[in-house]
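For reference, the structure is listed below as structure tokens.
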Amino acid sequence: MGSLLFGLISLLTVQLTVTEGHVVRTRSVIELVGMLRCSTGRSISYLTYGCYCGIGGRGWPRDKTDWCCYTHDCCYGKAEDIGCHPKTDSYSWSCRYFTPRCGNIYDECEKMICDCDVQLSKCLKKAVYQRKYSFWPNFLCGRYRPSCSNF
């Protein structure tokens, strides 16, 4: 609960304006929020969506949007496995025509994290946001989860 509150406060206190061609360099969580705003026009809406969007995650993803978030969690997990810090490492990126792009990144961790965030942005842009899954109760997610080894 504390980490959810921290995440919510962090996201609510951040004022992000993403403009055409503007290069952003901040902390990864904030960068992710910016990328989501760039590609979907939403960011905070995903904080409590389904079983995997936002902080934490358990059970089986509810729909395509939730699967996007689950896959992103797996991507961050792979980054952590090689010693990266996806929630705090920063990277440069830009937004052009509602499409986030990684900047010239030479650090392996920064590139991997940026790629994870870009893939999430693209996936969510294609997925339908279903209001019934916003504020989805965690206890309805169940115990069984898919394996990240498939992604």
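The backbone N, Cα and C atoms fix where each Cβ goes, and this holds for glycine too.
According to TrEMBL, the active site annotation covers His72 (among others). Counting every protein chain shown, 23 other Cβ atoms lie within 10 Å of the Cβ of His72 (active site).
Here TrEMBL flags Asp117 (among others) as active site. Mapped onto three states, the DSSP output places Asp117 (active site) in helix.
Here TrEMBL flags Tyr52, Gly54, Gly56, Asp73 as Ca(2+) binding site.
In sequence order, Gly57, Arg58, Gly59, Trp60, Pro61, Arg62, Asp66, Tyr70, Trp136, Asn138, Cys141 are the residues near Cys51 (disulfide bond), counting only same-chain partners six or more apart with C-beta under 8 A. DSSP assigns Cys51 (disulfide bond) to coil, not to a helix or a strand. Per TrEMBL, disulfide bond is recorded for Cys51-Cys141 (among others).
When other Cβ atoms within 10 Å of the Cβ of Cys69 (disulfide bond) are tallied across all protein chains shown, the result is 23. If you look up TrEMBL, you'll see Cys53-Cys69 (among others) marked as disulfide bond.
According to DSSP, Cys123 (disulfide bond) is assigned to a helical segment. Under the heading disulfide bond, TrEMBL lists Cys68-Cys123 (among others).
Taking the Cβ of Cys75 (disulfide bond) as centre and 10 Å as the limit, one finds 20 other Cβ atoms among all the protein chains shown. Look at Cys75 (disulfide bond): DSSP puts it in a helix. Residues or ranges marked as disulfide bond by TrEMBL: Cys75-Cys116 (among others).
Summarising the annotation, TrEMBL assigns disulfide bond to Cys84-Cys109 (among others). Counting every protein chain shown, the Cβ of Cys109 (disulfide bond) has 18 other Cβ atoms within 10 Å.
Same-chain residues at least 6 positions away in sequence with a Cβ under 8 Å from that of Cys114 (disulfide bond) are, in sequence order, Glu31, Tyr91, Trp93, Cys102, Gly103, Ile105. What TrEMBL records for Cys102-Cys114 (among others) is disulfide bond.
Residues or ranges marked as domain 'Phospholipase A2-like central' by TrEMBL: 28-142.
The signal peptide feature in TrEMBL is assigned to 1-21.
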Practice task
Work out how many Å separate Cys69 (disulfide bond) and Tyr52 (Ca(2+) binding site) at their Cα atoms, rounded off.
Solution key: 5
Practice task
Please classify the secondary structure at Cys84 (disulfide bond) using three-state DSSP.
Solution key: coil
Exercise for the section: Report the nearest neighbour of Cys116 (disulfide bond) in space among the recorded positions Tyr52, Gly54, Gly56, His72, Asp73, comparing Cα positions. Expected result: His72
Exercise for the section: Write down the Cα-Cα distance for Asp117 (active site) and Gly56 (Ca(2+) binding site), rounded and given in Å. Expected result: 16
Handout entry: Pairwise CA distance, Tyr52 (Ca(2+) binding site) versus Cys68 (disulfide bond), rounded so that it is a whole Å
Key = 9
